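What Swiss-Prot says about this protein:
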| type | residues | note |
| --- | --- | --- |
| BINDING | 104-111, 184-188, 242-245 | GTP binding site |
| REGION | 444-466 | region 'Disordered' |
| COMPBIAS | 446-466 | compositional bias 'Gly residues' |
Amino acid sequence: MVLDDLGSSLRGTLDKLQGKTTLSEDDVEEIVKEIQRSLLSADVDVDLVMDLSDSIRERALDEEPPAGTTARDHVLKIVYEEMVELVGESTALPLEEQTIVLAGLQGSGKTTTAAKMAWWFSKKGLRPAVIQTDTFRPGAYDQAKEMCERAEVDFYGNPDSDDPVEIAERGLEETADADVHIVDTAGRHALEEALIDELEAIESAVDPDRNLLVLDAAIGQGAKDQAERFHDAVGIDGVAITKLDGTAKGGGALAAVDQTDSSIAFLGTGEEVKDIERFEPSGFISRLLGMGDLKQLSERVERAMEETQAEEDWDPEDLMKGEFTLKDMRNQMNAMNKMGPLDQVMDMIPGLGGGIKDQLPDDAMDMTQERLRDFEVIMDSMSEAELENPRAIGQSQIERIARGSGTDEDTVRELLEQHKMMSRMMKQFQGMGDGDMQRMMKQMQQGGGGGGGGGGGLGGMGPFGD
């Protein structure tokens, strides 16, 4: 993820306090300077970095660590709380009828974000509709229509009209049954007067409940001026940051939030319509510092299980009752794939997103995903009987399956060994009572190790239980 380098740098800085029980002024100053370097290299605005540094320095020197708390954990808690304060609250988006206008420069990801937001609202039980008003960019209508079809949400646009205001007004009429209207507007390569005039006219015509500014994570230091101009024109209520799965540094968008006195609403984390997260400050910073985010993880697990259950006529609860088959394993892997890239999932698990992940080779995630794909191809080459009873698979079947899947016999055997291990684990879970499961979840929340330092937040709570 785009902010991985920032998170790794911050965790490395805090790890320098490992084993210390007290803090000297020199310790604090070194930590503050390292944090400044990390944030500035991530394109966070200089003024914001200085304000954050002053707060961390003052608290680290003035506050006494609670009894039994290490110097590292004390500073970690301070950094966590101050960074949550820095990114601010999430934009208020009640699950009710509303109209949202998206603004931003061309190429910022407005059209993709419109479809993603519509998909997100649909998963919350509302009926959304996207209204495409961009008459400036060739292909805007086709892209929006295709994205909305993939998201399975209502769409309105008129490729034959060159009047964006008329399209917006007609769109509201044609999609009157929708609960949430998301109006996608045109962009330009620069903040031209024509763009601002058009945006103001659309805003006046549709009278939106909220205006969201869509910013590419690569915007850097230019975010502040851009945000100020849009805010002066229509008033910005929140920011959606896109392309956080790329190589941009991402910190510049925080200046836009500060400049407009608004907050972050959504994060775009990939190319698929489902690759969008509602911004939750405590979980976001918790992940950044290697402490996990169990709330976001549980939402992804629930969504992935529901989708797999619908597609495969498979109930995950059956795993706790009978024999764990290769078919069950394949369904589990399908659900994992639906949760998103493996490195993002690891960031949400306390103890894995920090120290353990930082120690892995750069290509470890890609290799793991590739091996999972190999396993899926192998299982697709098996008969129904083999999927239901893998213990009956002998050498001749292994040879046939390897040929049919285009893999080698060793990889087939590796899959069978992996299944045996998972089958043993499932038997252990089947023997657990509710109390055992609750204790295990509590250990996960408190777990960490490596570069951890605390559990991820559940139910909106931070890793320190505030």
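Each position is counted from 1, following the chain as shown.
Cβ atoms are placed via backbone N, Cα and C, with glycine included.
The structure, with features from Swiss-Prot marked on it.
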residue : record           : contacts (Cβ under 8 Å, 6+ apart)
GLY104  : GTP binding site : LYS110, GLY187, LEU213, VAL214, LEU215, PHE230
GLY107  : GTP binding site : GLY187, HIS189, ASP216
THR185  : GTP binding site : VAL101, LEU102, ALA103, LYS110, THR133, ASP134, PRO164, GLU198, LEU199, ILE202
ARG188  : GTP binding site : LEU105, GLN106, PHE136, ALA194, LEU195
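Remark: of the binding-site residues LYS110, LEU244, the most isolated position is LEU244 (fewest other Cβ atoms within 10 Å of its Cβ).
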